[in-house]
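Asks: According to TrEMBL:
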type	residues	note
BINDING	GLY879, GLU880, SER881, GLY882, ALA883, GLY884, LYS885, THR886	ATP binding site
COMPBIAS	1781-1799	compositional bias 'Pro residues'
COMPBIAS	1864-1877	compositional bias 'Pro residues'
COMPBIAS	1954-1981	compositional bias 'Pro residues'
DOMAIN	786-1465	domain 'Myosin motor'
DOMAIN	1523-1712	domain 'TH1'
DOMAIN	1799-1857	domain 'SH3'
REGION	1338-1360	region 'Actin-binding'
Amino acid sequence: MAFADALPDELLYLITAFLPSQPVTLRSKAYLVLSSFCQGVRSSSPPAKKDESDPGTESLAKVFKPLIVSRLEGQKEEDVLTGISFLTALFQVDWQTASSILLLDGIIDLVADIHDLFPSSQLSLEVAHLFGQAGGHKLCRAAMSSQSLEWLESKSRQITDTALRAAAAIALVKLSRGAAADAVDNTNPQEQVGLAQDEELAKLMKGIVVTGDDQSSLSDAIEGLVYLTVDPVIKEELSKDSKFLSRLFALVPRRKGPSHPTKEMNTTLLYGILVIIANVCAYRPRLSEEDAQVDKLRRMAKAGKEAGNQGAKLDILDDDPHVKQRCRKLIACGALDVLAARPATESHGIRVSAGKAFLSFVEDQENRGKVLQSGGARALMQIIRQALSTSSSSEPMQPTKSRPLDVTDLDPIQALAKLAITASPVQVFGPNEGAVYDAIRPFSLMLLHPSSTLLQRFEAIMALTNLSSLGPEAASRVAKADGLMNKVELLLLEQHPLVRRAAMELICNLVAGSEEVFERYSGAEDSRGSKSKIQIILALSDVDDLPTRLAASGALATLTTAPSACRALFDLQRERQRVLPILTQLIDPSVVPSLEGDEEDKETREVESNPGLIHRGVICTRNFLLGVTDVAARKQLSAEAMSAGLVRSLTKIVKGEFGVVDPAVGIPTAELLKWLMEYYLDNCILHVGTLLRNSTSRCAYIIDRFRQLLAFHHYRIALSSSLTVLIVVVGSMVSRHIFISISAAKLSQAPSKKAGKKVAPAKTGGGGRNKVAKADWKEGFKKKQVGVSDMTLLTTISNESINENLQKRWTNAEIYTYIGSVLISVNPFRDLGIYTDEVLRRYKGKNRLEVPPHVFSIAEGAYYNMNAYHENQCVIISGESGAGKTEAAKRIMQYIAAVSGGQDSSIQEIKDMVLATNPLLESFGCAKTLRNNNSSRHGKYLEIMFNSHGEPVGAQITNYLLEKGRVVGQIENERNFHIFYQFTKGASDDQRETFGLQGPEAYAYTSLSNCLEVSDIDDVKDYRDTISAMQTIGLTAHEQNEIFRMLAIVLWLGNVQFEEKDDGNSQIADSSVTDFVAYLMGVDSALVQKVLTSKVVETQRGGRRGSIYDVPLNPAQAGSGRDALAKAIYNNLFEWIVSRVNVSMKPRTATAQVVGILDIFGFEIFEDNSFEQLCINYVNEKLQQIFIELTLKTEQEEYVREQIKWTPIKYFNNKIVCDLIEEKRPPGIFAALNDACATAHADPSAADNSFVQRTSMLASNAHFEARGSQFLVKHYAGDVMYNVAGMTDKNKDALVKDLLDLVAGSGNQFLLTLFPDRVDPNSKKRPPTAGDRIKTSAGALVDNLMKARPSYIRTIKPNQNRSSSEYDSKAILHQIKYLGLQENIRVRRAGFAYRNTFEKMVERFYLLSPATSYAGEYTWTGDARSGCQQILKDTGIAADEWQMGVTKAFIKNPETLFALETMRDRYWHNMAGRIQRAFRNYMRYKHECARRIQRFWKNNAESIQYAQIRDYGHQILAGRKERRRFSLLSYRRFMGDYLDVNGSSPLGEELNSLCGLGAEPAAFSCRIQLLVSKFGRSSKPTPRILVLSSKAVHFVVTNQTDGRIQMSLERKIPLVTIKSIAMTNLRDDWMCLNANASEEGDPIFHCYFKTELAAKLLQLTQASISLMIGPTIDYSKKKDKKAQIKAIKDETIKKDDMYKSHAIHVPSGEPPSSTSRPPAKRKPGIVRPITSGKLLKAGGPSQKPKSATRPKPVAQPLPGKSVASQAFSSPAPASGNAVRQPPPAPKRESMPPPPPAEPDVPMYKAKFAFEGQEGEMTLVKDELYELIEKDDNGWWLIKKDNEEGWAPNNYLELVPLKPKAIVTPPPPPNRRPPPSTPAATPIAPKPTSAPTSVAKVPIKSVAANSSAKPVSVFPGMAPSNGSATPWKKAPGVSNGSSDSTPPSSRPSSSVGGRPPPPVANKPKPPPVAAKPGAPPKPPVAKPAGGKPPVSTAARPGGGAPKPGGAVGQMDLAAALAKRAQKIAEDE
């Protein structure tokens, strides 16, 4: 053949070597051969000349052209396939030659026709491969026909052949991406390939990867994705498909370990996957400033060629946040495993791709830990080693010179550097130090690489710094790296501060760790070179960057340990005089004066010292000065040190001004002072003397500081000489204060050269007390305050001083400042991290003076005042737009939700709902404006409702004036409401399908302002938060769907556009939009078009209806109607949402108090101000009026009214401005608007003109100016010019009738609910206008706020640019002026912080004065004013801190009020302690009693249980059977399980197993004798074992088999089959179980425990078994064979009984009626009384009686409260309706008086002395006492000399009474007839005491008094309400107070109508055990008459009630008082 001569014969096989049928190995070898041949031809060809064809290409084309063309033109399919496959292979080897052949005339058409001529799948596949190869080259793409493209597209869509589909897709991808690249330089943008095609191809490739298994198609698909992933949109789509990513990464086999060989990896496939990962995760290149400018110019040049929105979208998708999210998604799907599984190959492409992927992953710090965990560091080291080995082996002839690394190889090194910076070397490289050393070389190479960026150099230095910190060896290796030190020293001079800092830190570490570097810098090698190096380090110690200074000074501190370095510093000091000033400035920057010309630096330099710099400065100075040996030089240096301020700096260290002195700093400081004093004593005395001169106290202070240092033995030697010098200086004045003791310890050597490192404070040894630092008041302040936190403390009160203070604080991130209780907040425009939970906890329970100013403090104050004073609270937040009002409101809600407590789920639900209202209402009611990115375009007043416990139970939101005009139009760079952008960006696919939703750029209402994105707003995230808030509030899925439908209606209404017809009327431009709007609204489409383009006009004649016309609208009118409908729908939707939220947050329970939070729009001044701004500014005027009323006007008026000494303050009252807007007479602006709307309602322009005319009447107001079509109002916040145009139309705020009819005809029920009310057209009443509504709402708001106690937050906006660093003083001065801050400060300083009525003050604080309270009760008998004055005097408050007004007391400073509250809390704390002590005493006694009872019960419980079972056995026998004597023993116990079947014994376990009981317990088990019948013989008793369970009776037999004893289950009888038990009536032990007839018969057996067994059987069967007892036992011997056994009494039987021949012989037994013997009596024990511990005090004959305590004062009602409704400010309200409180201690006065004879009551003599406490009687031995009452708790009430008290009964001994006649008590008065029936015994009389005549008369006829006081109380436990001790009350006794009883005013008590639980009476001493043998008390007799009995409320200790023992009881005096009152009423 012709072409055979051109191709060697040995290469002819290449023609067919690339056929698909050939093996893979052959094709691979053929590629190599073909490549070698082509390279050989090209190498032998001459080089190509410019503008001429390549000779090599022509030669190769001449060889291959006939070879290929002849086969393509062949008629056989095999020849064609051979040509196609060979041409495809040639493209991969030499594309120039292949392209030249393909571009020959007719070849492309020939290839395009092949698939039609030969419709073979294999041939089609090869054609697709050929097109794919050709598509990668520009010339081939240009020649590609449209027919070929259509064919490729059709093949990519078919699904039958996956391989062909993939090949066609990859061809299309190459063509698409190539065409896009070609279009970059093309002027015609239409040639660019669309993005939609790329997305479709990507979707196709993803499907092939997910579903395909063919390696060829997978390779093609991955190759196509490699090309596509350069597009940001494709990257984003791929990263979101986790299924695809998981499948893609699964194609790479994982390494399972050395024992499991990894599956052979397809490197081509791996390379493609790695490139995809690298592309998807690729960040934008970091451009320098110059490159960034060039890129900007390039973008500007392309701006006209490409669509702006699309380009912006692509830029956004490629920004850093999006890339970070994509990286995290890939890591989550296993991308790191793919990188770790990368094979150890030398493929440069794989290394580069893996390195780029790793670098992208570690760019995000959150991913670095995951990369380390997956072995990323090892993989990176492997990549780097391969790269290094490749570079070093590239030039084998020059082993000493290696080729520089390729720039692409720097990526893995940079990734490894980032890991080395983040984590420690051990975490990155493992414990093997060799791996750490191996990493030094690549880092140094990257640092030295000529093409490395500044960032790469910086990261290399940082990584080397971390490695050098590992140890000296690592540091030495770093220092020895070739060229490293020179490069680092060069970077010290770099301008970039971060690079300079990193270089300095590395040198610091190397100086400390490497000897070579230390000698290099210290001067051991080259003194001249080291001097320059030290000079650079010294200069870097004086830069502004703190970390650089720390590193440089650390290196200097290390170097100064070498004398040569100190000499170099000395030379520098002599030359430049800068060494000592710089070192001194390290210690204290404030003492070093600035150099000439450095005034600016002086102002900006940091003045606060740093502990690290202090330590380094002292070390450097100490080493430098002490290293100088020459005397003259030392004197010179000391003088220069004095002038540099070194002594002042060291003095500050000694004084502790820099904090607690650390030994590491104190020791060198002491040495320096000693050195300076010795060598320059005069100057030292001069400077130190300034602190000591003429001041003993100052001298003592300095000496005291030295003494504290001497406490540490490290300082003693160093300071001894210094103190000696001081003693000489100050003489005897100092010697009186100093006592020095120097220990023998020697001072440690000077610090080593490692001192440059950061050191931790040294720990002092020993356990001495000197370890504890002296407490300092500064410790509580973590942050130094800037300015003043409360501006009432300003020295100068002016607007300028206020502004200066605010600026200082704002600059230092202190945004909150107080003016008294008013909080001033300056918006920081950044996150300061001051709203965390930790910060919140600091403010909980703290008053505002204890913590720095904060919005949390205002919230805490409001919440505390609500609970403490039971008053409604409100927080009023005011300020202009963007000042931070909404943020403050959110933080208040956050705080209240966190501290309000409540464990109930409903309470937590309310909290969640309240917090959820923030994102919900922000989405629908806030928008981005020019001044604020989250501006509230509506006002809201949130009222959180609390129950009596301070827990939120509900909430309510009131909405004010939504700016609905924003829905239809915004100015440039503003946005619509947030929800529109959230919805259009974050909606689900279903929502987009349902509502036809697109992006915000597609809608007119959201895109015309050209602001779709805001930098700090994430609309998609906010949309998710909004959905979550809806779910939290309880909106159903249907409601949410309808809300979004309304939003879609609004959006699509905005896209309804109108065209002007020839007649000037309007028509719909696109009817498809109105059709979709009609679909969404549920109305007819034609009706929508009609309503929007015309309106119905009705004429009237004489009050009658006239004609109706359809008037067409012009485009402007139609647009206005459309906008009106959109605004109405959105406004009503917003109001519906608010009302729906209120329904969800409706209070669950009763509401006690309310906390309101007002978040309303701020004052607004725009270029174009209209009706909306007028309404907003009017509401702000009303709020300012409230502020003036409550803080300025009302306060001053109150001072005058209360006659308080006061200096009036002038202020501006803005009431005149409010009247200008709202008044009706004379008419204000709103009234004029209403009149204009009423008179010219048809034409808006006419109405506006009418309004302009009416404004002339307002000219008399000084704050109003009419200016034509505008008018000016002088508001308190500034002058605002309003435009009249459109005001009247906005004021009418009404839809036309046609639009209302359109809505009314809707089939959407939700839309109908948004328009519930329609104006009646026939009504003559004018409907309310928008002005009327806002005026009404503002009035209601003012009323609500005036009813609550307000707290104020005044917000200030620092600038108009939302900058966190710009402070606009002019704008802020304006705000300070109109907010009236200066006047507020003056009023606050001259006024009083707190005031309240005398009654409230007394009620709150009467506990603090002993003159007004006793035991928690109010006892003051004077008026409220004198009581209040007495309280303020007794608390020790200075007289100038308070004043007494006419009706109120005034307290000047809040500190005084807080002090009163603290004293009040401490009072309750002390009372609680007393109660706890008494209660603990009671509980101790109670527990001792319980232990005694338990001990007795434990000793007898078991016997009682067994006795009960035994008694049951007696009962079932029923006296029918004689008994055995041993059965009746008292200690006979029915044990049941005698064989331990339930236990763990071997026998029991075996029996349990045989019977199959398992976990079922055995009720009874014992050994028996079973009667067994033998064939041909009589029956014989045989041993058996009987086991009874809850289900059956088991018989176990024991047999002997082959000498082994073996047990087996012989028989099992279920209990249900047992009918009866048979026994004889004699004393024998035989019994029979009569079961159902069976072959085995009924078992008869002998059992000693027959009675117990029968009892158990009856118990288990619920007595369903009959017990048959008789003279015989009848049983079934077999199934149908009955038998009988007789019982014969036989006295010859000595023991038990005997069975023989169906007869039982048994002797006589005990009578059948016998019962068990009674138990033996135990020896009676001695019952010892409980007298140990603090319950009772031991008595003795030597003790003297205690003097009687002073009488308790009489409780008085609190001022201003009636006695009946008295509620003490003590722990519980008083109960009952008594006219007066009875005396606290009951006095049993006799009435009528007893006769003079001896008392007829029992008298007791004291056996021992007893010292009683309060409420107890002191006993004197042998004295007689009258017994009043006995209590069963061991305490008796006794009386002596009219004094009563409790005493222990075992201390008393009864004195026998002499017999005498009983004196009859006198009859009651005639006015009160006696009862007709005998009266009950008054109080459970004891048998030991006779009734007295004294007690019978009153108790017999008087009912109980519920307000009577107890007779006696325990110490410290007397309640204020007369209630009894809670643990001694009967369950049925109520202590509730009447409904009129007000709640307690204590903060800790419950609030509201429910009274708090009663606090116990003062407890009695714990009960003493009763005397042994005391007879029981008889029951109380019931009254026989009709009168009610005496109240039986339980007394302390239980038992019958006593007089005065509890609520409902009364003493004798109270009874007599009651009786006297009754007599008076009867008269």
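Cβ coordinates are placed from backbone N, Cα and C, and glycine is handled just like the others.
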Asks: Any same-chain residues 6+ apart from LYS885 (ATP binding site) with CB under 8 Å of its CB? Would you list them in sequence order, or say none?
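Replies: ILE877, SER878, GLY879, SER936, ASP1159, ILE1160, GLY1162, ILE1353, THR1355 - these are the non-local Cβ neighbours of LYS885 (ATP binding site), listed in sequence order.
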Asks: Write out, in the order they occur in the sequence, the residues of the chain not among GLY879, GLU880, SER881, GLY882, ALA883, GLY884, LYS885, THR886 that have a C-beta within 8 Å of the mean position of the C-beta atoms of the recorded ATP site.
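Replies: Here the nearby residues are ASN827, ASN932, SER935, GLY1162, THR1355, LYS1357.
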Asks: Using DSSP, how many residues of the domain 'SH3' (1799-1857) fall into helix, strand and coil, respectively?
Replies: 3 helix, 30 strand, 26 coil
Asks: Near GLY884 (ATP binding site), which residues of its chain come within a Cβ-Cβ distance under 8 Å, counting only those 6 or more away in sequence?
Replies: SER825, ASN827, THR1355, LYS1357
Asks: Please work out the helix, strand and coil residue numbers for the region 'Actin-binding' (1338-1360) from the DSSP assignment.
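Replies: Output for the region 'Actin-binding' (1338-1360) reads 9 helix, 8 strand, 6 coil.
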Asks: Could you list the residues of the same chain, at least six apart in sequence, whose Cβ is under 8 A from the Cβ of THR886 (ATP binding site)?
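Replies: Looking at Cβ-Cβ distances below 8 Å from THR886 (ATP binding site), excluding near sequence neighbours, one finds GLU922, CYS926, ASN934, SER936, ASP1159.
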Asks: Let me check the 10 A CB neighbour count of GLU880 (ATP binding site). How many other CB atoms are there?
Replies: 24
Asks: Long-range same-chain neighbours of SER881 (ATP binding site), Cβ under 8 Å, sequence gap at least 6?
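Replies: Same-chain residues close to SER881 (ATP binding site) (Cβ under 8 Å, separated by 6 or more) are THR929, ARG931, ASN932, SER935, SER936, PHE1161, GLY1162, PHE1163, GLU1164, LYS1357.
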Asks: Same-chain residues six or more away whose CB lies under 8 A from the CB of GLY882 (ATP binding site)?
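Replies: When sequence neighbours closer than 6 are ignored, GLY882 (ATP binding site) has ASN827, THR929, ARG931, ASN932, SER935, GLY1162, LYS1357, GLN1360, ARG1362 within Cβ distance under 8 Å.
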Asks: Over the domain 'TH1' (1523-1712), work out the mean pLDDT and round it to an integer.
Replies: 89
Asks: Do any residues at least six apart in sequence from ALA883 (ATP binding site), in the same chain, have a Cβ closer than 8 Å to its Cβ, and if so which, in order?
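Replies: Spatial neighbours, sequence-distant, of ALA883 (ATP binding site): SER825, ASN827, GLY1162, THR1355, ILE1356, LYS1357.
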